[in-house]
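One structure is given here, and the rest of the page talks about it.
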Amino acid sequence: MDWLLLAKAAIMGIVEGLTEFFPISSTGHLIVVGDLINFDDRIGNVFEVVIQLGAILAVCWEYRARLWQVAIDLPTSTMARKFVLNLLIAFLPAAIVGVLLIKTIKSYLFNPVAVACALVVGGLVILWAERRECTARVHRIDDMSHLDALKVGLAQIASLIPGTSRSGSTIIGGMLFGLDRRVATEFSFFLAIPIMFAATAYDVLKHWELFTAADLPTFGTGFLFAFLSAFVAVRGLIRFVASHTFNVFAWYRIVFGLIILGSWWLGWINWAS
C-alpha cells in the first residue's frame with residue numbers, strides 16, 4: 001500500500017471539504033494543491049469526483065431532516081413543491097451553460113494562473129458587495145420567489161470559471177439580490193446538492209473505465225476526509241455568518257491569488273499550462 005499516496009489523498013479530501021462551501025473556490029484550491037503535492041494525474045479526474053461526492057453527502061447528512069420532510073410533503077405541500085422548483089430553477093442556468101462550454105473552460109482555464117486571477121477578482125467583488133448598503137427582504141428560504149431563485153442561478157454561472165467559487169457566486173449573488181446572509185448561505189448549500197450530483201454523475205459516466213479496485217483505498221481515504229471536513233465546514237459557516245461578514249474570505253482570496261501570480265511571475269513555478 002502506498003502510504004504517501006494515501007496521505008496526499010487525505011490532504012486533497014480535506015482541501016475539498018473545507019473549500020467547497022466556503023467562498024474561496026474548491027476547484028481552484030484542488031488545482032493548486034494538487035500541483036504542489038504532485039498528486040497522481042492518472043486518477044486525478046476520477047478522484048475529484050469521489051471527494052466531491054463526499055462533500056455533498058455531508059450537506060445531505062447535515063440537512064437530512066429538512067430534506068426528508070420535503071420529500072414526504074412533496075405530494076401534498078405547496079411550500080415543499082415551491083422549494084424543489086426553486087432549486088430546479090436555480091440549477092438549470094449553470095447546468096445548461098456548463099454542458100455547452102465545459103470542454104472550452106477545461107482546455108483554457110484549468111490552470112493555477114487563471115485560478116489566481118479569478119481568486120483576486122472574486123475577492124474584490126466580495127469586498128464590494130459587503131460594502132454596498134443592501135437591505136435584505138427575504139429572511140426565510142420558504143419566502144424566496146421563483147425570480148429570486150433564477151437570479152441566484154444566473155449568478156452561479158460565474159462559478160464555471162475555476163477560482164470563482166460556486167458557493168461564493170451564489171451566496172454573494174443572493175445577498176445582492178435581497179436574500180439575507182443566512183438564507184443566501186443555506187440556499188447555496190441546498191443548491192449544491194443537485195448541481196454537484198449532476199456533475200458527479202456526468203464525470204462518473206465519462207471516466208467509468210478509470211475506476212479500478214486497486215485505487216479503492218485512495219478513493220476511500222479522500223472520500224472520508226472530504227465528508228468529515230465538509231461536515232465541519234458547513235456547520236462552522238452557518239455559525240460564522242450569523243455575526244460576521246465575508247470580508248475575511250475576500251482578503252484570503254486576494255492574498256492567495258497574488259502569491260500564486262507572484263510565484264509564477266518570478267519563475268518559481270511553471271503553472272501557466
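Backbone N, Cα and C atoms are what each Cβ position is placed from, and that goes for glycine too.
Annotation comment: Swiss-Prot describes 43-63, 82-102, 109-129, 185-205, 214-234, 249-269 as transmembrane segment, evidence class sequence analysis.
Among the listed stretches 43-63, 109-129, 185-205, 214-234, 249-269, the one sharing the most Cβ pairs under 8 Å with the transmembrane segment (82-102) is 185-205. Packing against the transmembrane segment (109-129) from elsewhere in the chain are residues 23-25, 27-28, 31-32, 35, 161-165, 168-169, 172, 175-176, 246-247, 249-254, 256-258, 260-261, 264, 269, 271-273: each is 6 or more residues past its ends and has a CB under 8 Å from a CB in it. Among residues of the same chain six or more beyond the transmembrane segment (249-269), those with a C-beta under 8 A of the stretch's C-beta atoms are 22-25, 32, 35, 112-113, 115-120, 122-124, 126-127, 130, 163, 168.
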